[in-house]
Structure formats: C-alpha cells, structure tokens
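Asks: Quick one: the structure is below, and I'll ask about it shortly.
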Amino acid sequence: MAEPSAATQSPSISSSSSGAEPSAPGGGGSPGACPALGTKSCSSSCAVHDLIFWRDVKKTGFVFGTTLIMLLSLAAFSVISVVSYLILALLSVTISFRIYKSVIQAVQKSEEGHPFKAYLDVDITLSSEAFHNYMNAAMVHINRALKLIIRLFLVEDLVDSLKLAVFMWLMTYVGAVFNGITLLILAELLIFSVPIVYEKYKTQIDHYVGIARDQTKSIVEKIQAKLPGIAKKKAE
C-alpha cells in the first residue's frame with residue numbers, strides 16, 4: 001500500500017518543482033539593473049548604462065575625469081599639442097620605469113627580464129572575422145542614417161523636415177555663443193549628471209515631461225491642421 005501513496009505524491013512534487021523552475025530565470029531584477037545580457041551588444045549597452053549611472057564610482061570617476069581633462073586641454077591647446085603632450089607623458093612613465101627596473105636588476109644581479117614582457121606577449125591582433133563583424137554593425141547604422149538624411153532633405157514628411165529646419169536655425173544661435181569643444185564639455189557634464197538625477201527624481205520629472213509632451217503635441221496638431229497638404233493626407 002506504500003507504493004500508491006508514493007505514486008500519488010510524485011505528481012505534486014514534480015509539478016511544484018516544475019513550477020519553481022521558470023521563476024528562477026524570470027525573476028525580476030533590481031530596478032536599477034540592466035536588462036538582457038544575452039548578447040555582446042546587450043552587454044556593451046549595459047556597460048555604458050552602468051557607467052553613466054555611476055554603478056562603479058571609481059570606474060565612472062576615472063572615465064569622467066579623463067575625458068573632461070582631455071576636452072579642457074583641447075579647449076586650451078591645439079589637437080596636435082594635446083596628442084604630443086599625452087604621448088610624451090606616456091613615454092616618460094614607461095621609459096623611466098624601464099630604466100628603473102634595469103638599474104634594480106643590475107644592482108641586485110637578478111634576471112627578471114623585461115618589465116613589460118607580459119604586456120608585450122599579449123595578442124592584440126584583430127581577426128578578419130571580428131573586423132567584418134564590426135563593419136557589418138557599423139554599416140547598419142550608416143545605412144539607417146543615410147535613409148534618414150534622404151527622408152529629411154527630400155521632404156518625405158513635411159513636419160519632420162520643418163522640425164530639422166527649426167532645430168538647425170536654433171543651432172545657429174548656439175554656434176554663435178559656444179564652439180564645438182564647449183558643447184562637448186557641456187554634453188559630457190549632462191551625460192554624467194542627468195541620468196543619475198533622473199533616477200533619483202523620476203516621478204516628478206516624468207510628471208512635468210508628460211505635461212510638456214501634451215502641450216507640444218497640441219501645438220503640432222494645430223500646425224498640421226493649418227497645413228493643407230498634411231490635412232488632406234490625414235483625411236485620406
């Protein structure tokens with residue numbers, strides 16, 4: 001009589017175990033976690049996500065500080081001067097360390113070899129397969145950009161082309177006040193500050209953005225209603 005009881009219990013056990021299995025991969029992650037790490041593109045996008053959201057303060061601080069110093073240097077000096085100073089600084093460090101290790105080895109009469117041997121032996125060659133993969137990924141974005149440019153300049157959609165014209169008109173005023181390097185500095189400050197501020201005050205920001213979106217949508221609809229070509233297309 002023990003066998004039937006075991007048989008009756010086994011389906012419930014198997015069903016409970018089978019019900020527990022799907023919950024493991026589908027379990028919701030933390031709110032700030034980056035989704036889907038299945039592919040290389042997802043992992044790279046998640047790395048950028050973690051970088052601009054200051055998940056690793058040391059790593060983000062290093063990237064932010066280095067790029068900011070580079071941009072400030074380019075604002076004060078020419079590109080040739082900045083690149084030359086960077087190469088000189090790097091060579092000063094490596095040559096000094098090479099001489100220092102050679103002197104230490106001569107004094108101690110040791111044969112540790114080249115101090116950078118581990119890095120010299122690293123294989124940094126780019127395979128043809130990897131090159132083609134990068135080129136294919138780049139071509140997707142290039143083709144998409146070309147299609148968008150053709151659409152805008154050949155006025156496939158009048159509203160989109162007018163938006164571009166207004167944006168470019170505003171950029172003429174921005175260009176009169178700021179140069180390219182200044183805009184890059186401002187862009188970097190925004191990239192490394194806006195996401196973390198948005199994450200902290202998401203509810204309030206979404207509320208005001210929704211109001212602004214509704215106002216913009218109503219204005220665009222009024223403009224479209226006054227344009228005969230677009231009104232006719234909508235009626236059709």
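Cβ from N, Cα, C; glycine included.
Sharing the features that Swiss-Prot gives for it:
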- 1-31: region 'Disordered' (REGION)
- 1-24: compositional bias 'Low complexity' (COMPBIAS)
- 2-67: topological domain 'Cytoplasmic' (TOPO_DOM)
- SER30: phosphoserine (MOD_RES)
- 48-236: domain 'Reticulon' (DOMAIN)
- 92-151: topological domain 'Cytoplasmic' (TOPO_DOM)
- 173-176: topological domain 'Cytoplasmic' (TOPO_DOM)
- 191-236: region 'Interaction with FADD' (REGION)
- 198-236: topological domain 'Cytoplasmic' (TOPO_DOM)
Asks: Which residues of the chain, 6 or more past the ends of the topological domain 'Cytoplasmic' (173-176), have a CB below 8 A from one of its CBs?
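Replies: That would be 183.
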Asks: In the predicted model, what is the mean pLDDT computed over the topological domain 'Cytoplasmic' (2-67)?
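Replies: Summing pLDDT over the topological domain 'Cytoplasmic' (2-67) and dividing by its length gives 61.
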